[in-house]
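Student: Please find one structure pasted underneath; my questions will follow.
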């Protein structure tokens, strides 16, 4: 008798995606992050839903409603900190997932890669708007600084900023609309993630060797379900360690002070996962130039398939390309550090050098290294 999972239309869909899916036999732990991102998204939606039950998106009560959640709601503190630190875990998994795609040449699956870039942008937008909601000092001033970047758009910049704000400054209207978008975007992300999977399953997963997986495939269940569950336990271990021992480690202390439009904090900075882009933004003296560099730092990912000059898909057997890849990783860590530092010497210079090197590595060094390797292997 045919199992129900193979006959029922709904279960058949799940079966083809998670159970009987033919998967390459040699994919490593780096292929775990897709499922971990799915787990993070589910966690964020569930905790966010419970937070939304007690939160009030109003400038006069938002801050105290967050304090109320933390102090008075049953297990409100753990829901809040799971949501805040869950976002950090989300971005750690996201960066590692993108890094894996870059290293093993998964970007050659164009549709999957491009939807992934849209997912990254949507997640960044969601996280930014979520950071504004507690209505602390850094929430308010972070929102003011980042939304003000729109004023760099020629001719319509000022009107655009006021349109986004819903007034002449970041105020109640801004908070209300940010809450609305913060609530709806995760569901859009879920739909995009389903599309991401749909296109991935059209081609099948890549593998560390960068060669065809067709001759040697195994069922996703039980092999990779067990492997993914191990990854999930490790993720939960990290998350719960953070939530239960040091929940404010990645936050900003000034966000425990209620938003005050008359008092600017000495150093305005976003959450840690935006610091690399923030450093690139600050390293360009011109406002419009900085905004363009900020946008390009993310959108450059869309150019990577066109910049792929190597004859091999994966970097596994390409030492020169590996060198440029790890240079890029170290450079991003330096940018993240610089983004959190005050705007003074020597941080300005380090930021400018690191920003220039970021674009040079992707646009020049990586394609050049691949061409040299082609020559060395006589694959001209």
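A Cβ is built for glycine as well, from the same backbone N, Cα and C atoms used for every other residue.
Checked Swiss-Prot, it gives:
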- 83, 182: heme b b562 binding site (BINDING)
- 97, 196: heme b b566 binding site (BINDING)
- 201: ubiquinone binding site (BINDING)
- 33-53: transmembrane segment (TRANSMEM)
- 77-98: transmembrane segment (TRANSMEM)
- 113-133: transmembrane segment (TRANSMEM)
- 178-198: transmembrane segment (TRANSMEM)
- 226-246: transmembrane segment (TRANSMEM)
- 288-308: transmembrane segment (TRANSMEM)
- 320-340: transmembrane segment (TRANSMEM)
- 347-367: transmembrane segment (TRANSMEM)
Student: Sort out the residues at least 6 away from either end of the transmembrane segment (320-340), same chain, that have Cβ-Cβ distances under 8 Å to it, and list them.
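Tutor: Residues 99, 102-103, 269-270, 272, 274-280, 282, 310, 347, 350-351, 354-355, 357-358, 361-362, 365-366, 369-370, 372-373 contact the transmembrane segment (320-340) from elsewhere in the chain.
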Student: Please give the sequence-distant neighbours of the transmembrane segment (77-98): residues at least 6 beyond its ends with Cβ less than 8 Å from one of its Cβ atoms.
Tutor: 30, 33-34, 36-37, 40-41, 43-44, 47-48, 50-51, 66, 69-71, 116, 120, 123, 127, 130, 235, 238-239, 242-243, 247, 250-251, 271-273, 301
Student: Which residue, out of the binding-site residues 97, 196, 201, shows the minimum number of other Cβ atoms inside 10 Å of its Cβ in this structure?
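Tutor: Each of the binding-site residues 97, 196, 201 was scored; lowest Cβ tally within 10 Å is 201.
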Student: Would you mind listing the long-range same-chain contacts of the transmembrane segment (113-133), meaning Cβ under 8 Å and 6+ residues beyond its ends?
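Tutor: Residues packing against the transmembrane segment (113-133) from afar: 55, 57, 62, 66, 87, 90-91, 94, 98, 101, 106-107, 139-140, 142-143, 146, 174-175, 178-179, 181-182, 185-186, 188-189, 192-193, 195-196, 199, 270-271, 273-274, 298-299, 301-302, 304-305.
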Student: Between C-alpha atoms, which of these binding-site residues comes nearest to residue 97 (heme b b566 binding site): 83, 182, 201?
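Tutor: That would be 201, the closest of 83, 182, 201 to residue 97 (heme b b566 binding site).
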Student: Quick test of the contact rule: Cβ under 8 Å, at least six residues beyond the ends. What residues does that give for the transmembrane segment (288-308)?
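Tutor: Sequence-remote neighbours of the transmembrane segment (288-308) are 98, 102, 105, 107-108, 110, 113-114, 117, 120-121, 124, 149, 152-154, 276-278, 280-282, 355, 358-359, 362-363, 366-367, 370.
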Student: Going along the chain, which residues at least six beyond the ends of the transmembrane segment (226-246) come within the CB cut-off of under 8 Å?
Tutor: 29, 32-33, 35-36, 39-40, 78, 81-82, 85-86, 88-89, 93
